[in-house]
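I have placed the structure first, in the form of structure tokens, so that the comments after it can refer back to it.
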Amino acid sequence: MLAFFRCPRLRVLSCIQADKLLYYSINYSIAHKIEFPERDYSANPAVAHSNHVITKLSREGRINEARNVFDEMCARDVVTWTTVITGYVKCGLMEEARKLFDRVDAKKNVITWTSMVSGYVRLKRISEAERLFEDMPERNVVSWNTMVDGYAQHGMIDKALMLFEKMPARNVVSWNMIITALEQCGRIDKARQLFDMMPTRNVVSWTAMVSGLARNGRIQEAREVFERMPARSVVSWNAMINGYVQNLRLDEAVELFERMPERDMPSWNIMITGYIQNNNLTRGRNLFDQMRRKNVVSWTTMIMGYVQDGQSEEALKIFSYMLADGEVRPNQGTFVCVLGACCDLAGLNEGQQVHQMINKTIYLENENIVSALISMYSKCGDLGTARRMFDDGVTSQRDLVSWNCMIAAYAHHGYGNEAIILFNKMQDFGFKPNDVTYVGLLTACSHAGLVEEGLKFFEELLYNTCIQLREDHYSCLVDLYGRAGRLKDAIDFIKQIGTEVSSSVWGALLAACHVHGDVNLGKLVAKELLEVEPENSGAHLLLSNIYASTGKWSEAKGMRLKMMDKGLKKQPGCSWIEVGNRFHVFIVGDKSHSHRKIIYSLLCDLHAKMKLPGLIPNNVSMPDENFAVT
């Protein structure tokens with residue numbers, strides 16, 4: 001009923017959007033790319049030769065060897081110093097670079113200074129980059145672009161804009177960077193204003209404008225800019241197609257895709273994503289099969305499509321095809337999707353195999369992967385391993401998603417007190433709960449019968465102005481009241497909500513009416529639920545079961561007949577268990593299993609024990625098997 005347990009899977013979207021981000025990052029890569037000197041202007045042939053060796057070693061990442069050559073040189077010029085410092089910067093060794101840079105005998109020019117500024121930007125040490133930029137004795141357009149880019153990358157858009165306006169000279173990269181930065185933070189009008197002011201534009205400028213307009217919902221304006229482009233690259237076409245896909249206008253996306261003079265891999269990936277987002281998995285699969293070459297985004301998109309469509313078994317097949325293909329290795333997003341499929345299938349054995357694959361990769365300590373593994377082990381019934389996965393990660397490797405997953409795992413298994421203890425521990429570590437945290441916490445209280453604790457947490461949520469209340473929170477509270485038999489409190493709370501009540505809230509109360517055999521309230525709730533969702537077969541069946549559980553067989557039969565008249569059908573309940581590497585599947589009402597006599601004999605014994613005094617409420621009778629719903 002609730003979606004809180006799927007939280008790790010949502011993080012995979014960043015993987016699917018990897019190709020999309022290519023369009024927006026293209027300008028940044030131009031701006032802050034650090035180049036080694038292509039030509040050596042050293043007058044001394046020996047120095048020139050050593051500089052060439054240092055440049056080669058630095059480019060290959062052999063910075064220690066490059067430093068040895070540097071230390072052995074009798075004479076050094078500015079090219080020597082700049083090459084070694086830039087080598088350290090490229091390797092992320094800013095402390096070593098700074099030591100050389102600050103030496104009294106260091107020879108520096110504008111390239112050396114700019115390289116240092118760029119290094120601090122890349123390591124997100126923006127204040128140090130800013131101080132160094134301000135101290136520069138000389139700046140060129142690349143220096144200014146590097147600092148503008150640094151501000152933009154760190155969300156300091158106002159500072160980026162102010163610095164851009166102070167630039168004594170700008171090139172097309174300067175304009176492209178600031179326009180793209182403005183678009184990404186939603187200031188599309190200002191971006192368009194600057195675009196119209198540009199003295200010269202290149203294909204990147206036009207493409208950035210098309211992408212920005214489309215991303216901000218101005219798709220018609222984006223198409224007008226696209227049609228005005230004097231020249232288009234494949235990235236330009238991809239940007240326009242992606243704009244249509246993002247705005248759920250698939251027909252226009254298909255029309256442009258078919259018109260493209262050339263396509264690259266992102267072109268195909270964008271269209272496959274578009275079909276999946278528009279619930280047309282079949283056409284997405286057909287396009288996927290037509291691709292001559294596929295990258296990890298292609299495979300992961302297809303796997304995610306099947307998982308979202310509830311075809312997790314097919315998702316695992318696609319994953320196995322990907323492994324058999326051998327051309328592409330799974331990445332973080334792939335593993336998260338596949339673990340989600342294992343969750344849906346309760347496939348512990350498959351999940352363990354995927355875990356073994358992850359152990360051989362760099363993703364083992366990734367926060368998203370850890371969260372997905374916690375979710376997988378918990379939903380597959382192995383709560384102990386889920387907790388060990390959580391505990392094995394050091395605090396710095398746990399993000400809020402990991403804490404939420406572990407709280408949700410305890411909720412799923414009915415360990416309310418453990419969920420509360422973990423919630424308190426999470427706050428002790430400085431993590432602030434979000435809306436998903438409270439869904440898990442309230443569910444844990446509901447499943448464990450901790451009514452007062454759940455009410456306390458809901459009241460705490462009401463006073464937390466940083467968290468927006470949503471329908472799942474209301475459903476949890478109604479479920480909390482309902483499971484405890486406090487149906488009057490539940491209905492009183494629903495009346496206080498004040499907005500249109502969702503089907504999930506009414507569904508939670510209807511389920512409680514079924515459990516506690518309240519026919520009169522059940523009829524009223526079912527009526528409300530059917531007004532919200534007239535074709536909800538589950539509501540009809542629950543009301544039928546409420547009648548049946550109180551011995552009103554004719555009314556129960558009447559509800560079934562109404563379903564037949566409306567053509568409503570409920571998907572039969574299905575469960576399965578793995579024994580000895582073999583899956584045994586059971587569908588409600590099906591008696592085809594080879595061991596059915598033993599199985600049903602055991603079920604009869606269990607039903608008899610469940611009817612013993614104290615195990616079920618006195619006012620609830622076991623429904624006839626013809627009316628039983630899984």
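Every residue, even glycine, has its Cβ placed from backbone N, Cα and C.
Look at TrEMBL and you will find 77-107, 109-139, 140-174, 202-236, 264-294, 295-329, 399-433, 434-468 tagged as repeat 'PPR'.
Under 8 Å from some Cβ of the repeat 'PPR' (202-236) lie the Cβ atoms of residues 22-24, 26-27, 30, 172, 175-176, 179-180, 182-184, 186, 188, 191-192, 195, 242-244, 246-247, 249, 252, 260, 262-264, 266-267, all in the same chain and six or more residues away from its ends. A mean pLDDT of 91 is what the model gives for the repeat 'PPR' (434-468). Taking DSSP states H, G and I as helix and E and B as strand, the repeat 'PPR' (140-174) has 26 helix, 0 strand, 9 coil. Summarised by DSSP class, the composition of the repeat 'PPR' (434-468) is 26 helix, 0 strand, 9 coil. Residue counts for the repeat 'PPR' (77-107) by DSSP state, with H, G and I taken as helix and E and B as strand, are 22 helix, 0 strand, 9 coil.
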